[in-house]
Amino acid sequence: MGRRSRGRRLQQQQQRPGSAEDGGKRNGAGWEGGYPEIVKENKLFEHYYQELKIVPEGEWDQFMGALREPLPATLRITGYKSHAKEILHCLKNKYFKELEDLEVDGQKVEVPQPLSWYPEELAWHTNLSRKILRKSPQLEKFHQFLVSETESGNISRQEAVSMIPPLLLNAHPHHKILDMCAAPGSKTTQLIEMLHADMNVPFPEGFVIANDVDNKRCYLLVHQAKRLGSPCIMVVNHDASCIPRLQMDVNGRKEVLFYDRILCDVPCSGDGTMRKNIDVWKKWSTLNSLQLHGLQLRIATRGAEQLVEGGRMVYSTCSLNPIEDEAVIASLLDKSDGALELADVSSELPGLKWVPGLSQWKVMTKDGQWFASWDDVPHNRHTQIRPTMFPPKDPEKLQAMHLERCLRILPHHQNTGGFFVAVLVKKASMPWNKRPPKLQGEPAVPQASVPPNPVEPPAGSTSDPSELESKLAPGISDTEAMETAENVENSGSKKDGVCGPPPSKKMKLFGFKEDPFVFIPEDDPLFPPIQKFYALDPSFPKTNLLTRTTEGKKRQLYMVSKELRNVLLNNSERMKVINTGIKVWCRNNSGEEFDCAFRLAQEGIYTLYPFINSRIITVSLEDVQVLLTQENPFFRKLSSEAYSQVKDMAKGSVVLKYEPDPTKPDALQCPIVLCGWRGKASVRTFVPRNERLHYLRMMGLEVPAGKKREGAVGAPGAGVASPAELEDGVDAASPAEPEDGAGAEQEAGLDTSSGGDPAGAGLPR
């Protein structure tokens with residue numbers, strides 16, 4: 001650019017409004033004022049919902065007023081019962097008490113309040129903004145607590161209304177659960193917690209299969225689920241509207257997998273989220289609802305097909321539009337021909353305020369044209385508006401549907417977002433699956449007898465059973481569909497115990513290529529040294545161990561429940577699995593020096609611990625503090641009880657167990673199990689940083705904000721430990737070993753290690 005051009009540009013800038021001469025302001029909204037505020041008005045929105053009468057008479061102004069207010073932050077205490085209760089105790093008796101008489105800028109701070117309808121006070125809401133949180137030392141401390149506990153997965157920021165569907169699903173530890181549209185995963189974590197209601201049962205009979213159509217969001221789902229360390233969760237990547245029908249081996253016979261509970265939280269227009277997604281105010285129109293209705297109905301129908309008789313399915317949206325809500329439910333009930341019915345759940349969440357579902361509504365186009373019935377819709381609108389969008393004409397049929405049993409959550413009733421929930425119970429098979437089943441064929445061929453080399457299907461044949469299933473006649477029964485799928489699967493074969501990604505090319509066109517899930521054979525020489533070193537109980541389910549590689553050294557061993565193993569082995573050809581299992585053992589780089597080449601991983605220690613009978617050191621609360629704040633404490637720094645256990649133990653991986661003392665109610669009342677390493681004269685823990693800080697906080701120790709980066713921890717009135725005393729992260733001692741075959745954690749860019757490798761630098765001496 002020449003000198004004259006630069007001069008002309010400078011002159012033009014000086015002449016423009018909003019230049020440096022008027023204080024850096026741009027058209028009055030300027031750099032100082034930021035972006036102009038979005039006007040929270042939409043006349044079409046108000047006209048539409050006033051016409052539909054979704055709000056009780058006399059409450060419209062409160063409804064609109066609530067929508068214009070920012071949504072209060074809500075948090076849910078996650079994790080299993082004893083740990084969740086300990087966090088709740090810490091929140092109520094420490095952090096909330098400090099806020100009771102606090103004033104900021106002359107205004108009294110509003111203390112967080114529990115959600116009246118959520119069980120056991122495990123969900124809270126607060127109106128504290130980020131700006132206020134930074135203005136007071138007490139609030140800053142509370143903020144640091146929330147951030148740290150959220151990072152470690154013990155507290156989840158989750159909108160209040162989104163906690164409702166899992167509660168109404170009423171899941172139990174023995175239930176097989178499908179979450180059809182699961183990402184980002186907050187509802188999935190609730191379901192996993194329900195499976196593990198009894199912490200003393202490491203492998204519940206039930207499981208959760210969490211699905212999402214978006215490959216990238218599946219990795220977010222993996223990250224959320226991993227925080228809970230459950231062997232009963234599998235993340236899969238499919239379009240929910242045609243999610244494959246799975247099968248399980250039952251006494252040598254392959255049977256269709258029907259789910260006891262299905263969560264169907266479908267994609268929606270989201271106009272119930274206006275309080276947090278303010279873009280909805282200017283973008284809202286009825287077009288989104290009209291476009292989504294068909295997809296929502298297909299997803300709900302597919303869910304109903306896969307529900308067991310007597311099972312429960314929850315359909316939910318964060319939309320207030322009956323086209324996405326009651327219209328979908330009415331259409332599903334209509335075509336189910338009595339196989340489905342709406343459950344009355346009015347008394348299941350005492351304290352929750354809701355209004356009944358609508359039984360009459362109209363359809364409006366994006367330009368404001370109304371249609372009361374399908375007969376009124378002109379032919380040129382038939383592609384945009386469908387007959388399933390209207391309420392049933394027959395008054396008796398409409399009354400028998402009991403649409404008033406649907407729950408509508410309105411923002412002004414309990415200061416929440418808008419939401420819709422319907423609970424469906426399956427009474428019989430869907431009409432198109434009612435043909436009498438044929439006798440099943442021969443028992444399934446055992447895995448070991450299958451030739452190891454894959455065989456390509458003949459040219460022109462269907463290689464993907466889910467593709468074949470979609471081509472079957474609408475009246476085909478579940479059993480016939482399974483037999484046909486089984487024949488296709490058995491026309492090709494796979495390696496013994498290897499569950500690879502599906503062969504279908506279309507499923508590899510998007511997302512990462514996943515590594516196979518390879519179960520450890522019963523006669524694998526890898527396992528006996530592990531069994532001997534840790535004195536594993538004979539009941540240990542070693543067939544449930546898997547790796548993510550078919551070649552080379554097995555670096556990580558994962559664990560799944562028996563039921564999920566069954567699902568994996570029988571469905572690898574029709575299902576794209578992103579992740580399953582929890583890491584229980586990691587290989588040492590120089591494991592041959594020790595009696596066992598594998599050390600314990602913190603991620604899966606709560607699952608593994610009940611089966612371990614050796615290498616256990618019982619520690620006191622003071623020992624836990626020493627172990628978590630010092631990198632390699634010598635044996636003599638431990639209590640005499642712990643010292644007597646560790647001094648004669650061979651070098652290698654150990655379990656450090658703290659058992660609460662019920663006679664000391666003021667002490668920590670949840671059990672703690674840590675992975676450690678016994679060196680020559682010292683012992684250390686291999687615990688992720690966030691988990692480490694969590695346990696210290698539960699013991700009453702604080703993490704000063706300024707020292708957090710260095711990893712220092714201070715006790716009240718006891719000063720601050722030196723940065724060397726608390727390792728900055730588990731992997732500070734040595735680099736993490738890479739995942740075998742780049743599993744989901746690597747693809748998501750997550751920290752896959754539960755500790756540094758003891759064979760590397762930082763090994764206790």
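Each Cβ is built from the backbone N, Cα and C atoms, and glycine gets one as well.
Sequence-distant contacts of Cys318 (active site, nucleophile), defined by Cβ-Cβ distance under 8 angstroms and a gap of at least six in the same chain, are Val161, Ser162, Cys268, Gly270, Gly272, Thr273, Gly417, Gly418, Phe419, Phe420. Per TrEMBL, the feature active site, nucleophile maps to Cys318.
Here the Cβ of Lys187 (S-adenosyl-L-methionine binding site) has 25 other Cβ atoms within 10 Å, regardless of which shown protein chain they belong to. Taken from TrEMBL, the feature S-adenosyl-L-methionine binding site applies to Cys181, Ala182, Ala183, Pro184, Gly185, Ser186, Lys187, Asp212, Asp239, Asp265.
Per TrEMBL, the feature compositional bias 'Low complexity' maps to 712-724.
What TrEMBL lists as domain 'SAM-dependent MTase RsmB/NOP-type' is 63-427.
The region 'Disordered' feature in TrEMBL is assigned to 1-33 (among others).
Taken from TrEMBL, the feature region 'Disordered' covers 434-478 (among others).
Marked as region 'Disordered' by TrEMBL: 709-765 (among others).
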For a quick check of packing: other C-beta atoms within 10 Å of the C-beta of Asp239 (S-adenosyl-L-methionine binding site), how many? 15
Taking every pair from Cys181, Ala182, Ala183, Pro184, Gly185, Ser186, Lys187, Asp212, Asp239, Asp265, which the record gives as binding S-adenosyl-L-methionine, the longest CA to CA distance in angstrom is 20
Test of understanding: give the count of other CB atoms lying within 10 angstroms of the CB of Ala183 (S-adenosyl-L-methionine binding site). 22
List, in sequence order, the same-chain residues at least six positions removed whose CB sits under 8 Å from that of Cys181 (S-adenosyl-L-methionine binding site)? Asn211, Asp212, Val213, Ala240, Cys264, Asp265, Val266, Pro267, Ile299
May I ask which residues of the same chain, at least 6 positions away in sequence, place their Cβ under 8 angstroms from the Cβ of Gly185 (S-adenosyl-L-methionine binding site)? Ala210, Leu220, Leu221, His223, Gln224, Ala225
